[in-house]
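Please read the structure below before turning to the comments.
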Amino acid sequence: MNLISYFIRKLTETEVWKSVFRHGYTDTPRNRALQTLSNVWLHLHPVKVPKHAVKIRFTWCLGGLTFFIFLFLTVTGVLLMFYYVPDVNRAYADMIDLMYVVPLGRLLRTSHRWAGHAMVITVCFHMLRVFLTGSYKAPRQFNWVLGVLLLVLTFLLSFTGYLLPWDQLGYWAIMVGTNMGAATPVMGYQGPFAELLGVKINNDIRFALLGGTQIDAPSLLRAYVWHCIGIPIIAGALMILHFWRVRKDGGISGPL
Amino acid sequence: MSNHAKAQIANYKKTKKVFSWPNLVAKEFIAAILVTVVLLVYSYYVDAPLRELANPGEPENPAKAPWYFLGLQEILVYFDPWIAGVVVPSIIIIGLMVIPYIDVNPKGNGGYCFWDRRFAVTVFLFGFIFWYLLIIVGTYMRGPFWAFFWPWEAWSFDFPTPPPLISLPNWLGIFALLIYFGFGMLVPAVAFWKFAKQLGFIRYNITMSLFLLMMGVLVKIALRLMFNIKYILQTPWFNI
């Protein structure tokens, strides 16, 4: 044991170690503070948090897990992008390749899909937790609004991913979803008051979503771009705001 | 910033605190590892669904939206698409967003409690459970042509023809809507005067409108299931 601590001491006193970590290794309150403060990945946290906040039964880790699953989805999603081309002639074949040819492709695709479902579930229950602890009350009202937007974006992320395999399941699910868009009042060609603005099948909201009057190559490309680039950027920007506001609005909520 | 908010921030500064490293970070790390393991193990054993190549000429029956939208698809049975697919989700989103601004009750901030905010918690839980109940029905109990099957029944195309639907005459429909929303807005204002006064005129109206709209979905479902009512109100432009 002495030998180990000797080596650790020697290691943490080297110039290389000191150049990488911006603080000492010894377990002192100062170093514990610096560990959070001087680390770009950890400085999202305050140096100290209320004692009740680290109890699992208060937050159930749900917000953090939602963010973590988002990161998991980003990593697996980027890997999937190496194997998948959003072209109607190739997309399904690429899925089959992922399932049967690509090493670990099946695990990659499957875990991406289940993680997507898991994120929808954790974000819903995060909302429930925040509601039940009254954490949306002053001064945190606006952060709840941001949270609702993030909930909607999570649904949209999952929904746009649904079409990408270009199988019967995704195709007809998107058909059901976008046909509802066609019924939008004023802006959908089947909705009430559509004729007021001259809205028809080739210029309504459904047309904008699908890039055509039916689900075809442009729809697949639109779903792909929204899924991989558009919505993640918007959601990412809102997440930055959401996390920042947790800190600015007085830290994690707690009993008065 | 309100005095209450200031008090809370001052209070935050006084609460007993622990270092994030390692008390919080270690737990986050363990939670992340657990979730990764569960996801990978589950994914290893249960494949993600992949059906045949998309074929525009061969509709799925039933064609179902992703599960989290099946609550909305389920109320398509009871409402026209512009209500079920557009108006209802829009009102849900807006309704969720205004919650912090219509809930003026300062109690229960930062801890689980029921008794001090019975109305808020009950209504929210009701909506949350309602949403998931509809999803469960839509996922497990709707077969071909969106016909109802219990989970233990096999799906078949040989189901009894649903009874013919009737619509209320417009005079009765308008009367029913006026009664529902009129009484719905007025009675609680009188019966729970303190509650209404605490909210103020605008907040009270927004709160009760959202509440009555949510209950209205349930009422319409009940009317359909019990009396085969199709529409309450018919106009040349839209039907409700």
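The backbone N, Cα and C atoms fix where each Cβ goes, glycine too.
What TrEMBL says about this one:
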- B:5-138: domain 'Cytochrome b/b6 C-terminal region profile' (DOMAIN)
- B:21-45: transmembrane segment (TRANSMEM)
- B:75-99: transmembrane segment (TRANSMEM)
- B:119-141: transmembrane segment (TRANSMEM)
- B:171-193: transmembrane segment (TRANSMEM)
- B:205-227: transmembrane segment (TRANSMEM)
* Hey, does the transmembrane segment (B:75-99) touch the transmembrane segment (B:205-227), meaning at least 3 C-beta pairs closer than 8 angstroms, sequence gap 6 or more? -> yes
* Structure fact -> Mean pLDDT across the domain 'Cytochrome b/b6 C-terminal region profile' (B:5-138) comes out at 93
* Asked: Can you name the far-off residues of the same chain, 6+ from the ends of the transmembrane segment (B:75-99), with a Cβ under 8 Å from a Cβ of it?
  -> 124, 134, 146, 206, 210, 213-214, 217, 220-221, 224, 238-240
* Structure fact -> the domain 'Cytochrome b/b6 C-terminal region profile' (B:5-138) resolves under DSSP into 93 helix, 4 strand, 37 coil
